[in-house]
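Some features that Swiss-Prot has for this protein:
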BINDING   23, 68, 71, 74  [4Fe-4S] cluster 1 binding site
BINDING   187, 243, 395, 399  [4Fe-4S] cluster 2 binding site
């Protein structure tokens with residue numbers, strides 16, 4: 001069974017394969033002219049050998065994860081590669097080797113290891129081990145330090161920056177064309193589906209603001225690296241996320257720096273993988289020695305380290321952007337209430353700003369592939385313009401119910417588990433992205449707000465993938 005979101009499991013024909021079985025990616029072959037025929041035989045050790053006038057071992061065909069992401073065929077075929085490149089086994093191997101390097105004298109090969117932990121995994125693990133979310137963060141920090149982490153961070157600052165960038169991007173697009181529907185961009189399952197299925201039709205509607213994971217990558221590799229006087233290649237950055245799709249996002253070529261020869265995020269592990277790591281050594285999270293999370297961003301350390309954002313469970317994009325736009329565009333700072341348009345569909349919420357019977361702003365939150373598909377089809381039929389902004393997440397109930405959150409216990413329904421996690425989320429203090437710290441970060445590192453540097457580092461681009469259906473994809 002695939003671990004990725006529903007949006008990543010849909011393709012034209014029979015997509016659930018792995019590269020080792022039948023990859024449909026067309027690979028160019030450099031042909032050499034031959035005066036005589038040749039035979040290709042398979043040797044005992046599995047390699048192919050061409051024999052004509054002589055014998056020659058043929059080059060092994062390799063298909064990378066980047067090939068999979070750039071291919072219009074199967075998406076889940078990348079899963080086999082991710083298992084080895086983005087797994088807890090690979091993480092533990094890297095940490096073990098790094099510990100040995102640090103023990104050597106005059107060593108310049110070891111790396112500084114940084115973990116960045118999102119809020120949703122903390123909630124999932126807190127519920128599993130029946131401890132508070134703050135306690136979970138401290139025990140997790142202690143556990144990661146025991147494995148070899150040098151820094152353990154929350155993603156709060158990246159969450160804040162993502163909201164600030166997204167709201168200003170919406171304002172710019174609205175002023176250019178107030179009929180344009182803008183979609184959020186933090187869900188990699190949704191972005192990958194849009195690139196591969198709808199291409200250039202839908203991509204101009206997607207916000208270019210990077211997800212918090214990738215903003216965190218910039219902050220760790222460049223800002224923190226500068227403070228530590230370390231090149232990006234000497235930092236190993238691990239994120240803890242609620243869904244497997246984040247592994248795909250971290251592997252995008254857009255988030256690899258040729259200058260620094262480094263990815264913004266080197267490895268992604270998930271809530272359920274953390275649980276598995278503990279189970280494999282017969283341990284529990286509360287048994288780990290607690291430690292404080294690190295705060296390297298500015299001098300004023302927050303009293304608490306784990307925060308929620310607005311009233312939704314996936315970053316709060318729709319509500320935050322709505323409040324900001326209502327105030328900036330229409331001088332309206334009234335509190336809003338989420339109006340559920342379809343009571344039986346809790347994954348589709350709509351809310352609006354109305355004045356004198358005229359709807360000035362209409363926003364929506366759409367979770368789950370069914371709602372995504374319906375919205376895209378409405379947009380194609382010219383009916384999607386009634387929404388100015390849509391917060392989209394591929395998983396039903398959003399990131400709190402990510403595909404890699406800790407599984408329900410025996411006999412527990414997924415819906416019940418999700419409700420418990422939502423209750424924990426709503427009890428968290430709410431972050432205020434407009435604060436002295438984020439302003440200082442913009443001034444010190446991004447050369448100010450709205451600068452070329454901030455745009456280059458906090459925004460990304462998307463790529464339409466042309467559909468190629470070669471003969472190898474046909475099942476007879």
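In case you wondered, yes, glycine gets a Cβ from its N, Cα and C as well.
Positions of the features from Swiss-Prot, shown on the structure.
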residue: 187; record: [4Fe-4S] cluster 2 binding site; Cβ within 10 Å: 31
residue: 243; record: [4Fe-4S] cluster 2 binding site; Cβ within 10 Å: 30
residue: 395; record: [4Fe-4S] cluster 2 binding site; Cβ within 10 Å: 27
residue: 399; record: [4Fe-4S] cluster 2 binding site; Cβ within 10 Å: 27
